[in-house]
């Protein structure tokens, strides 16, 4: 896109605002590189990229990118044998730290809401390298200022020697400065440092009293800084140790630089990705300041910008306008007062196109739609503040000639006051001829004009729409409101009347312009009112459609969650049913064992194969198929009482005990009796029964799965509870309900304490609202 267009539309100011939102030089470099793309896939990708980060930015607290800096020059120097210092190593460490923190934040965000997907950001996170070892090496070796003493054994030993030697020097010099005989000879009773040597400040006249080396003197020459001979050798030792320390520091830094060099490619990837993240977050921050929204890009020639406003104008006073090229409209001509905001409308459209194709969210309501243009051409100048002259006309015409040479069907052209600066009749004719030419090129065009001849231009040409900016005759000022589809009308009579011009003069003037023009003005006024009403209705309709779509999406999500929950409940119910059958099978094994003992010891006439056959009948009740895997049921004859059936929803076999009407049946599945829909039953072939000799066992009394203790005294209730639990265990109940009511809570407390101690109770809990709430305790039996 032409740089001249970007300059006229002030895109650099937009980039400046985005750059202000970045944290690092990496992000600012990305902003400076930002420019409108023209490839459809590229533009759409950039917009989706920004939208993803904006969604995250608006919903979450992002980790800080503070300290993120460019490291590629350091990595390059490390790769060619240079040695990095501590500060430079810390810049690399901070890059790794920032990328790790952001990746951790991203993973935690996904765990909180697994259904939300950010495919573009996810891909960036997958590209971030693992640099844990490098971070650990740097972090354990140095801080922001220097190498740690423990960076190596040698360094620790050297620094320890330096510390001990310094301490001896200090002690020696402290004795000298604290000696009473030396007090008057010293400028100050302190130990100081000159040329990296420990010295004392001696008055010049007492130089001969101190044997040592003079390292410096004061500006006045009255103080000499002397290193006493008693510490010279110790200071020499420190100098040697300092040299040893420097050598060891260089060795350690060289080693760390080697680690950096080994991860050079990974560090460059991390720098690139985190620079992009900084850039995208800056876009998101700027989007929030202008309440930016994501447009939908269309392959066809479409522009629809609901309530668009210029992002560089004051948000509190700027007027938002809906700009659109509807149906087959290719040219929009805006007429109206010179100060009515026509130029702002042109710049708003052009700048929004440039922003969108640069991957920036745009200042409109939701629902905007845009084509992607190869080029946006502008002929916009401040025609209102300079005198119209030949030179002005020539300047504009030169620009227009360049535009017409390059424009094509993939161009958007913005003409401000087309044909102005010359004779009105010639200017209007030129304007119409130029519009005809660009229409033949296939370009989309928006042009402003104050020539009345262009109002009629759209009526005898297809694909051309009039528009105007509204003027308030009450306040005698423009409202800056754009009216699409409505040509501008003259307000001279209304303004004159408002200013007090005689009605006789106004009426006489009206007779001079003819009835047709008066009717046209009246028609335009009516169109203005209708246009405003339709515009408001359109915006409201768009809002309702968006809300309906959001509701639809939310309900679809809830429905899917419900289906998953329902399937989970069914599988859980199947598992519980199988557990009950398994428990019954275990009990049957115990019974068979008792029967065998009876047979063996008392000679009961029961044959082994008969016992096994009965056991198998109970085993046949148990299936492990998932609810999701049940097959389509086979229909045999009509189901009758006594038939053996398979319950499809549970995957269990049972016997029909009773038919309830034509649609339901009572079925016994092992120890479970349930009322089920007949359509959920599949008739199975009944096995032939062999005559068997029966060993009878006394039936236990049938009890309910609930015990109502309301009205009982405390001791009576606990006795009743003990008896009930024993019977429930014998009946192989896995879960029972103890109804104690709410009352004062004493009985509830007593029941629960008793359940806690009872040997047959595995655990207990308070009742759910559907089970009776606090008035019920649910006990699970062993």
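Quick reminder: no glycine exception, Cβ is built from N, Cα and C everywhere.
Residues or ranges marked as ATP binding site by Swiss-Prot on the basis of sequence analysis: 336, 337, 338, 339, 340, 341, 342, 343. Over all protein chains present, the Cβ of residue 341 (ATP binding site) has 23 other Cβ atoms lying within 10 Å.
According to Swiss-Prot, the feature domain 'Smr' maps to 707-782.
The binding-site residues considered are 336, 342, 343; of these, 343 has the fewest other C-beta atoms within 10 angstroms of its C-beta. Secondary structure of the domain 'Smr' (707-782) per DSSP, as helix, strand and coil residue counts: 35 helix, 19 strand, 22 coil.
Secondary structure at residue 342 (ATP binding site), taken from DSSP and collapsed to helix, strand or coil, is helix.
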